[in-house]
Amino acid sequence: MDYPKMDYFLDVESAHRLLDVESAQRFFYSQGAQARRATLLLPPTLMAASSEDDIDRRPIRRVRSKSDTPYLAEARISFNLGAAEEVERLAAMRSDSLVPGTHTPPIRRRSKFANLGRIFKPWKWRKKKSEKFKHTSAALERKISMRQSREELIKRGVLKEIYDKDGELSISNEEDSLENGQSLSSSQLSLPALSEMEPVPMPRDPCSYEVLQPSDIMDGPDPGAPVKLPCLPVKLSPPLPPKKVMICMPVGGPDLSLVSYTAQKSGQQGVAQHHHTVLPSQIQHQLQYGSHGQHLPSTTGSLPMHPSGCRMIDELNKTLAMTMQRLESSEQRVPCSTSYHSSGLHSGDGVTKAGPMGLPEIRQVPTVVIECDDNKENVPHESDYEDSSCLYTREEEEEEEDEDDDSSLYTSSLAMKVCRKDSLAIKLSNRPSKRELEEKNILPRQTDEERLELRQQIGTKLTRRLSQRPTAEELEQRNILKPRNEQEEQEEKREIKRRLTRKLSQRPTVEELRERKILIRFSDYVEVADAQDYDRRADKPWTRLTAADKAAIRKELNEFKSTEMEVHELSRHLTRFHRP
């Protein structure tokens, strides 16, 4: 017997293999008319088995019409599943009716947060972070390995280069940083041929002028040490380290270059001295005259200047000329006795020495490192006075005289206290003079002639304004100023006097006022009686009342209520004390 082939039915072999007769019947009953029509096309063995069984009396639930083809496709798909229970459950879930049958399992509803796992996946975040960290660290390592040298950065223009003659001078930029991240802040001046030489370290103190001595005229044991100029506690150092200006004046000519290195770390000294700003006039004075009074050849006038350093030296000369006279006066006012180091400047011309290993002859020139104090107003006066070298020299002298430690400590602490308390005098001594204010263009610089001209201009302005004021006649014409004679004024005064005397003569006496019950003073309103003085706060008169007193008060109050107080007729029944 040939069975018709229909694409929406399963083949018979798979139906035999997957289902027994009962489950197939159950499924086809649940699928409606189209599924029931499929039972006619089953093989005879299947039909016989189904006729022998009892007929299923369950009500048939019809869900869709005959034209609904997708359900046939769903039936075909569901036959491929493993068990008939799965088929039945799927059919119940596909149906629009949510009421489960007697044999259908309950519908499994999906959770509210079923879709949350698609969007929100926090278990992957840690992995992403660690991967990101690995990527960034790898990129940083790659950048560090690809870092360029100083010469390449100078070629690219990242670092500035001041001049290149025999030696190269280059100022390190902010971008040229150390390996640990700290940026180089000091200016560096280096020779490629003399890279092995030890640089001369300068103290870290930001407020000291230092003169580097010529290497050939040193007689002391410390040939490379800088000579510290004596200090004056007049200009106090700003709290932050200011900008440095290097004055380099090579002696031999343009082919000789200066080797100096400015390091930030100072040597470990016994006493950490903060030097005050050395005055520029003192620098000139100390360059010309040594510590022992011996005359040195003047360096600023005779030395030829390097072409690239001309601008800096011009600026320095301007500042020297600007502050010369004021600083000389302050020098006379506050003398300070300080001593040079053991290695002093000696007289004599600078002689060039041949360097080691056949290097070209190099002459060390006196180099002045000057700090530009841009912020003179924000000055910690007391702390600088505490650390001034004058106090330290006094303490050293006391120690040399072998005085008691306690007494020296007491005197030094007393001196510190006096210096601290004298801050007003320090501030007054640090006030800038008129000339300095004029030089800073804070006060306008004026000669006597300019001052006189300004006064004359102000005078002419005032006279012109006074001449523009209206005269008395104009004011009279405008009816602002009324014309008056002396006789008229006298008459007005007499009239006022007459009126006042008439009023005073017509004033009633106190008795008349009392008769009219017009009282003047407060005592006229109040009856005065003598009373005993007692503590009114502590006194509680109701505690002294007896039961009879209380009853009398109550009776009086009730009578007053019943007779004097008016009560509305509608609320009279609410009162206890109404008239009978």
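Glycine is no exception: its Cβ is also placed from the backbone N, Cα and C atoms.
The compositional bias 'Polar residues' annotation in Swiss-Prot covers 335-345.
Sequence annotations record features per position, and here Swiss-Prot assigns compositional bias 'Acidic residues' to 395-407.
Feature annotation from Swiss-Prot assigns compositional bias 'Basic and acidic residues' to 471-494.
Per Swiss-Prot, the feature phosphoserine maps to SER67 (among others); the stated evidence is similarity to another entry.
According to Swiss-Prot, the feature phosphoserine maps to SER78 (among others).
The phosphoserine annotation in Swiss-Prot covers SER467 (among others). In the three-state DSSP classification, SER467 (phosphoserine) falls within a helix.
Annotation source Swiss-Prot lists phosphoserine at SER505 (among others), citing a large-scale study or a structure entry. For SER505 (phosphoserine), no same-chain residue lying six or more positions away in sequence has a CB closer than 8 A to its CB.
Among the features that Swiss-Prot reports, repeat 'RPEL 1' is placed at 138-163.
Annotated repeat 'RPEL 2' per Swiss-Prot: 422-447, in sequence order.
Summarised by DSSP class, the composition of the repeat 'RPEL 3' (460-484) is 14 helix, 0 strand, 11 coil. Annotated repeat 'RPEL 3' per Swiss-Prot: 460-484, in sequence order.
Residues annotated as repeat 'RPEL 4' in Swiss-Prot: 498-523.
For the repeat 'RPEL 4' (498-523), the model gives a mean pLDDT of 80.
For the repeat 'RPEL 2' (422-447), residue counts in helix, strand and coil come to 13 helix, 0 strand, 13 coil, using DSSP. Counting only same-chain residues at least 6 apart in sequence, none has a Cβ under 8 Å from the Cβ of SER467 (phosphoserine).
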